[in-house]
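Trainee: Once you've had a glance at the structure underneath, I'll fire off some questions.
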Amino acid sequence: MAVQQVFPLSCVVQHYAWGKMGSNSEVARLLASSDPQARISEDKPYAELWMGSHPRGDAKILDNCISQKTLGQWIAKNQDCLGSKVKDTFNGKLPFLFKVLSVETALSIQAHPNKELAEKLHLQAPQHYPDANHKPEMAIALTSFQGLCGFRPIEEIVTFLTKVPEFRFLIGDNAATQLKKSMNSDSQSVASALQSCFSHLMKSEKKVVVEQLNLLVKRISQQVAAGNNMEDIYGELLLQLHQQYPGDIGCFAIYFLNLLALKPGEAMFLEANVPHAYLKGDCVECMACSDNTVRAGLTPKFIDVPTLCEMLSYIPSKDRLFLPTRSLEDPYLSIYDPPVPDFTVMRMEVPGSITEYKVLAVDSASIVLVVQGRVTASSPTVQTPIPLQRGGVLFIGANESVSLKLAAPDDLLMFRACCLL
Ligand SMILES: [Zn+2]
């Protein structure tokens, strides 16, 4: 009998303080739906669900016939399940970590180093940069999801410099003037002017930041109280961030970075050196296996402003939505394939009128999350079909095709992470 290549997983919840509380959290709701034993504490944040073999959150195997307890242990013994190219390229490890995030309060303003910088940072400061790998990330909205991503077009930043004098004060007249002048110039001048402005802001003295932020908060609050609309300077968001992180320099980042409001199914891709922050909502996220994050605000964690200012891509752009492509083989499949080797995410949306659906075999290990619907899964190496409902997570070994029987009338929504080399 061939080794069983498909089995359900019980995944690890991380209760970080920024997560949504109790059953407000999609993470908690998925958990409660898939596991009737799970008790959700309404006074606890359910921030992340980790679907993978990371040592700090190795998924448990829900199958007593398999002798290994966790996915990491199983993969160590069954290397072929990774797929031949993946096994060789990533030294016998699953190259990605798949997650669900439920964000209540903003996560830090951050960027992730490319491989070259990651190696350097890890060598210089391993206590802050725990490994030598890059960490590209992709977030796909499950509910409406708000985040900051990449630098805004220069015209927008220049407009904020006029409309928000507190912001201009921190940047200073010289840098602000230089940015305005760069508007009709080449991309090199734009990048250098933008870097100068952003660095001035981030390196402002704490005392001055607090003063200017208090002035801005007071001004917005008074205008709002008087019934005036302050949305041209994102008044509501500024007040909200200031409430979450009083006096934090990161509150001003909304005037530099694009504000994205993703609808379910829409995605953003965070390549190396792109500044970003998740603000609110639920998403699935996939990332390369790494913990390297350079932070500079909206966080109580270690911040490294000089490294962040130095490393960022100072490329203004409005287009930050990452678009999936439609599969030619499968009308229900959308593929989010970022320009990095480490991972690809697929979204499968199958109408309830379909009774049977085949999950395509790929030359990579996969992890599948059921967000909506009920199925039973069978494959050549599985003896008894595996029932899965909303919140269910399935591991699929490389080159294994899985057929799903849908329980009518529910539509089926699933996400799959894999590595297509
Ligand atoms: Zn990030």
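Quick reminder: no glycine exception, Cβ is built from N, Cα and C everywhere.
TrEMBL lists these features:
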| type | residues | note |
| --- | --- | --- |
| DOMAIN | 6-153 | domain 'Phosphomannose isomerase type I catalytic' |
| BINDING | Gln110, His112, Glu137, His276 | Zn(2+) binding site |
| DOMAIN | 170-257 | domain 'Phosphomannose isomerase type I helical insertion' |
| ACT_SITE | Arg295 | active site |
| DOMAIN | 335-379 | domain 'Phosphomannose isomerase type I C-terminal' |
Trainee: Can you work out which residues elsewhere in the same chain, 6+ from the ends of the domain 'Phosphomannose isomerase type I C-terminal' (335-379), have a Cβ less than 8 Å from its Cβ atoms?
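Mentor: Those are 5-6, 9, 30, 34, 51-52, 75, 81-86, 89-90, 94-96, 98, 100, 134, 136, 138, 140, 142, 265, 267, 269, 271, 284, 286-289, 322, 324-327, 329, 385-421, in sequence order.
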Trainee: Using a 6 Å cut-off on Cβ distance, which of the recorded positions Gln110, Glu137, Arg295 come close to any atom of ligand 1?
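Mentor: So the answer is Gln110, Glu137.
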Trainee: Excluding Gln110, His112, Glu137, His276, which residues of the same chain place their Cβ within 8 Å of the centroid of the Cβ atoms of the recorded Zn(2+) site?
Mentor: Ala111, Lys135, Leu270, Val274, Pro275, Thr293
Trainee: Count the Cβ atoms, other than its own, that fall within 10 Å of the Cβ of Glu137 (Zn(2+) binding site), considering every protein chain shown.
Mentor: 25
Trainee: In sequence order, which residues at least six apart in the same chain have a CB under 8 Å from the CB of Gln110 (Zn(2+) binding site)?
Mentor: Pro275, His276, Ala277, Thr293, Val294, Arg295, Ala296, Thr299, Leu308
Trainee: Can you tell me how many other Cβ atoms are located within 10 Å of the Cβ belonging to Arg295 (active site)?
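Mentor: Here the count is 22.
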Trainee: Tell me, how many other CB atoms lie within 10 A of the CB of His112 (Zn(2+) binding site), whichever protein chain they belong to?
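Mentor: Total other Cβ atoms inside 10 Å, all chains included: 25.
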